[in-house]
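S.K.: Taken from TrEMBL, the feature domain 'ABC transmembrane type-1' applies to B:88-302. For B:31-53, B:92-115, B:122-142, B:178-201, B:229-250, B:284-303, the entry in TrEMBL reads transmembrane segment.
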Amino acid sequence: MTHTETPRSSGGDVRLRGISKTYGSFTAVHPLDLTVPAGSFFALLGASGCGKTTTLRMIAGLEEPTTGTVELSGRDVTVLPPYKRQVNTVFQNYALFPHLDIYENVAFGLRRRGIKSVKKQVEEMLDLVQLGPMARRRPQQLSGGQQQRVAVARALINHPEVLLLDEPLGALDLKLRRQMQLELKRIQTEVGITFVHVTHDQEEAMTMADTVAVMNGGRVEQLGAPAELYENPATTFVANFLGTSNLIQAEVVEAGGEELLLRAGDAKLRLPARRCSAPARSGDKVLAGVRPEKVSLAHADAAGTLAEGRNRLPGRIKDASFIGVSTQYVVDVPGLGELAVYEQNIERDGRLVPGAEIVLHWNPAHTFALDADQDIDAGADLDEEAA
Amino acid sequence: MTTTETPAPPERPDTADSLEIRTTPVRKRLIPYWLLLPGILWLIVFFAAPLVYQASTSLQTGSLEEGFKVTWHVATYWDALAEYWPQFVRSVAYAAVATVLCLALGYPLAYLIAFKAGRWRNVVMILVIAPFFTSFLIRTLAWKTILADGGPVVGALNHLHVLDVTSALGITEGHRVLATPLAVVCGLTYNFLPFMVLPLYTSLERIDPRLHEAAGDLYARPATTFRRVTFPLSMPGVVAGTLLTFIPAAGDYINAELLGSTDQKMIGNVIQSQFLRVLDYPTAAALSFILMAAILAMVTLYIRKSGTEDLV
């Protein structure tokens, strides 16, 4: 039987060096370097066809990389078949064995490694995922959420160095998905195994992962902690794919100090120089960005009472939709297009109705700037499409 | 809205509506029966009625000149069984060997078509089905030529001393293949192979390839994956294929007739000659019933044993 090490409670790290995959003339993954630290919860986030699943399958050994190497805990496993890798996968749609009951599904990996007394481990694992009483049922007799937990148990029982999750929550409804996100996070904290999670759901990635790699067109666009990615997107794709961003065409007027001064249409915008990811000299074009929840609205009549030093843009409310915790406005700013604003429903100004002339204002510190030499709408519609 | 101004609908259409509501479900409930009707009629005319007729024939006594009468002469069954049990045993043995050979040849072929053929899948499928374009009889006659005494096959087998081995085993005689058990089993295997391959292919093709990946991911080598995942999941195809091969093969008489000699007569040959040459209808009908009962018993036992009821 396959050589196995004594099960370890902590995970291993994954190191991808120059890994790529091409199918004929189509490049699914461009040469990619990626390090997943041991014990972390790492998410590969992107729309369908961005290469995230291919990357995962190359780590699992289900796909052979065209170039590059895969290292697990410092060992090169590039040429090893899947059954020789200390890696287990939770498949999309789970791929549970329909001819075996839950108990035997979970015991499958242990039995293949020649372990005779599996009872204690299987029962412990079924308890961990709260499926003890279901042990003798067949997979098709279980609900989607239960099948998902069986898939996790079947993989985790082998104490892999790395657990790979391929869109594990994709088939579940929203409420169950939220519940399973917390559940998976709890299990990961409990067992300390490295998790690599592939998803198209940005909220899922941000909720669960310590580190998120945003992939687009077979490349990693940006990698970092969820808050870091959200606050400081490096590309328009990341800015639009993770949440919503207002991106405004602007020109650098003054550069060099702590602050950058931009001109957008007739308005002046300021932002901290370190939040500009593009090289900015006077006269350069950039895209100024601000998240909708960071922007406030004031009626045009009240514009005089606003504090000094805030970024302002005049506009007219085009649409307002009340969604409970907040009201989402679409504001038409002459010369700059439509901007989104999310206002908390705390003190609602009755004058803020569609058609009203208003002023948008926000703290310059919440402004970021991107290289203008990219598609302003990249990644904007993918999110809804995929969800 | 103008709802208040709309005049109340007249009485008559209203009652007509409610009548229709009451009648539609009845008509709907009858639809399945209408759809079943052709099948049921077919079964009655071509299966149930002949069955009853044969049952009554098997209990008749008499002769062609004096006519046959139902005399509830059950002893016909015992006499038939006592006289023709070697042919029964031979039929079951030949059919069983042919079924095993079909499985051994058909499984790799079906596996290849389902998982490895890629864009050649349809071509290979057509090659499997192609023999059906000629008649059963002609295909079997062709085997007579293939296995002919002076032919290249027998020549090669003689040259390689294969026939010495098979003769020692008692499945051929002397330096020929025709008119031996080997020839009959070869014919049966060839003729029923597609009935094995098609159900096998169908059930193999239905297996989610991700299950193979999952097994590999869970430390199963390719051979273990086949033993623990692929084969168990293809059991419905194995059962269907073996039944579709074994049942007609056990009752077949063409292969034994054309490729065998009097020493390879199967029960089908006996029934055929009782009906058409000896004209002993009661014995022929009784033999038919015994064959049917034996096959039914074996199939039931087999399905129970293979435990695939919940997989189909």
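Note: Cβ is positioned from N, Cα and C throughout, glycine not excepted.
These figures come from a predicted structure and were not determined experimentally.
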S.K.: Are there residues at least 6 beyond the ends of the transmembrane segment (B:229-250) whose Cβ is under 8 Å from a Cβ of it, and what are they?
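M.R.: Contacts with the transmembrane segment (B:229-250): 91-92, 94-96, 98-99, 102-103, 106-107, 110-111, 188, 192-193, 195-204, 207, 211-212, 215, 220, 266-267, 291, 295, 298-299, 302-303, 306, 308, 311-312.
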S.K.: Who are the chain neighbours of the transmembrane segment (B:284-303) in space, where the CB to CB distance is under 8 Å and they lie at least 6 residues beyond its ends?
M.R.: 54-55, 57-58, 76-77, 80-81, 84, 88, 91-92, 239, 242-243, 246-247, 250-251, 267, 270-271, 274-275, 278, 309
S.K.: Please report, as numbers and ranges, the same-chain residues at least 6 past the borders of the transmembrane segment (B:122-142) whose CB is under 8 Å from any CB of it.
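M.R.: Tertiary neighbours of the transmembrane segment (B:122-142) are 109, 112-113, 187, 190-191, 193-194, 197-198, 201, 254-255, 258-259.
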S.K.: What parts of the chain pack near the transmembrane segment (B:178-201), using Cβ distances under 8 Å and only residues at least 6 beyond its ends?
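M.R.: For the transmembrane segment (B:178-201), the nonlocal Cβ contacts are 94-95, 97-99, 101-103, 105-107, 109-111, 113-114, 125, 128-129, 131-132, 136, 139-140, 143-144, 147-149, 166, 170-172, 234, 236-238, 240-242, 244-245, 248-249, 252, 254-256, 258-261, 263-264, 266.
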